[in-house]
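Taken from TrEMBL, the feature domain 'F-box' applies to 13-59. Feature annotation from TrEMBL assigns repeat 'WD' to 98-129, 582-614. Marked as region 'Disordered' by TrEMBL: 274-335. Positions annotated as compositional bias 'Low complexity' by TrEMBL: 277-297, 309-321. The feature compositional bias 'Polar residues' is assigned by TrEMBL to 298-308. Annotation source TrEMBL lists compositional bias 'Basic and acidic residues' at 323-335.
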Amino acid sequence: MKSESDLETVEECDTWKYLPENVLIHIFKFLSVRDILNCSECCKRWNFVSRDSLLWRSKFRDDFKIDHGIKLKPNAPDWYSEYKRLVDNVPLVLTEVLTEHSHQVLHVSFSNNGKMFSTCSKDGFVIVWTSEFPSKLKYKYDMKNLCWKYTQFSQWNRNDTLLLVSGVHFGSFNSTSGEIAVFSVADGFSLRCRVQSKPYDIFGCWLSNQHILSGDLKWLAHLVSKSTVWISKANQEIDNENVPVMKEFYNFYNRNASSIRNLMIARCPWLEEDDQTQSQKASSSQSSQNPQTSHQSGNPVSNLAQRLSTAPSTSSSSQQPRFSDHNPDNFDYERPFNYSEEFRRELEETISESSSELDDFIDVDMAIDDEDIDEDLYEPKYLIFTTGSKTYTPHQIGFKRVLKTSFPKKIEPGPSIKERIAMQKRRRELEQLIAQLSPEEARLQFQHFPEVRPDPDWSNFESVANRFDGVDALIDLEGHIIGMGLSPDHRFLYVNSRPWPQNCVITNPLEPPPISQEIDIHVIDLQTLKKVGTMLRAHKAYTPNTECFFIFLDVCDDFVGSGAEDRHAYLWDRYYGICLASFPHNDVVNSVAFNPKDNEMFISTSDDYEIKIWRSQASVREQGIAEMSRANEVRLKNLKKKNDEVVKIEEKKEMEKVKNL
């Protein structure tokens, strides 16, 4: 027979068991996530109540510090699943540290199938690694054998058969010469071609599966230059000397010592739809206006760009960047992205659809390499680059619509050597003759002999605008641009920028304004060419204009990652815009990359010579990988701060009780 105390205990347990649901949820709100999960194991009813959506929405907002106006991510089952995703499926666990490089590691990029990644370093090597745990060295090439100082950038072509590597040439201390090399990954990492590129920070990129873009810079006058973008085949023709391997693509006018840098290609299928819409409108209204295919001349801000830059922004990105005196220990990286409502609507649509449609190509046999079939040349694209107009540092993003491109099958043979010598001799004779004439007589002679016509006034853009290609749009970020990254669907462009002081005036283009120690991240919608989001003071940088580092960022379906000069990499959730973690290094973090086929794998590279590979807790458990260390979770810091505040409140109450005694 049970005692009276036993009966009271049973009655008390029954009382807890049958507590009203709203009371139980209210109690759960005061518990930690771990305690709620423990309570869910008590009985079926508590397990059911512990999955309440409003309860987990409250915990999610409190622990991750998201704005209450942000809705649940599209296609997410519930708030509980989202909380679990941001704890269990974020790459927070350090699993490997690769130390093969003997100098600063400047860049990392994944192959499109996610099976390999490549790294570039100041030691002059480019290294290809396998992605599966444990990562192993697959290929290695010393570019110093080709007279390179170091490698700085790499990019895989669409079917992962070729790797583009960009680097800096040996030369004078202030040399700006660079080179691009293409390696075949299918046949033992053999060198396919080399293309000169100037300046070296134009980097180069893939235009299609078999064609690359490079650049050249030619000075025309004081502070005025011409940037030429070239298309080159990713192989050298050795069977026929009349088959071209290069083609001039675009010529851009540069003023105030600026130049085109950081070339990037975005595949934009919506441009084809816009063309169809415009053609339908044109056929019905016989209208000649077509803003989508505007061919305005010159690099200075076009009418379209002026409309974009003066249009009122729908987000807080319209605020002027400003300097602030803040303590680096204040963890400014916790700041979220301030997205516009337009961006959230568009992102919800892209999430609801397939966010990786452009990359859903069939795995191509790496032995197959048909150079004659390159359908990528006919896809609508944007050529994206950084440039400037107020000063030589890159503070603007330029957009050039790339129409269907054809590559010539045969090059026309020019004059023979004998004919060239005769032409040069004739030119010299004409120049001597015209030098003896009066200005008016010389002007008349120039009309008959254009080959000896004097150079135009390059400083007067209006007089030479017809010699250059127009830029379709320019977006001025009012700061030094140090990195760009495309979303997987190529719809959004994320940009790292170090802002100038507010309302600064540039009087000398060779003396740009001082740049902030904070790095802002801007988000640009490539369909509307408008800024739709920004995060001010996202992370840290310290170097001045003259020594400014490239800080490469990367974007995947779920996350945004970036390096920083404060010895950390950072990771944000792409939809909610919140910072999730920082990843420690011992020096500047130059580059980060997500595995495009597995967002739970993240790589950071640093000036500390190390390549760190981070994987999610779920992935580590599944593969049985030993944990080396963990990233610094912002969620845990928020919880610690909240607990410290509770302790302070309790201590204050105790002190008041003591005073009242």
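Quick reminder: no glycine exception, Cβ is built from N, Cα and C everywhere.
In the predicted structure, the domain 'F-box' (13-59) carries a mean pLDDT of 83. Nonlocal intrachain contacts for the repeat 'WD' (98-129), taken as residues 6+ away from its ends with a CB within less than 8 angstroms of a stretch CB, comprise 135-144, 148-156, 158-160, 163, 165-167, 183, 185, 189, 359, 363, 550, 552, 587-588, 590-598, 601, 603-607, 609-613. The helix, strand and coil residue counts that DSSP assigns across the domain 'F-box' (13-59) are 33 helix, 0 strand, 14 coil.
Here the repeat 'WD' (98-129) has, by DSSP, the following mix of helix, strand and coil residues: 0 helix, 18 strand, 14 coil.
In terms of DSSP secondary structure, the repeat 'WD' (582-614) contains 0 helix, 23 strand, 10 coil.
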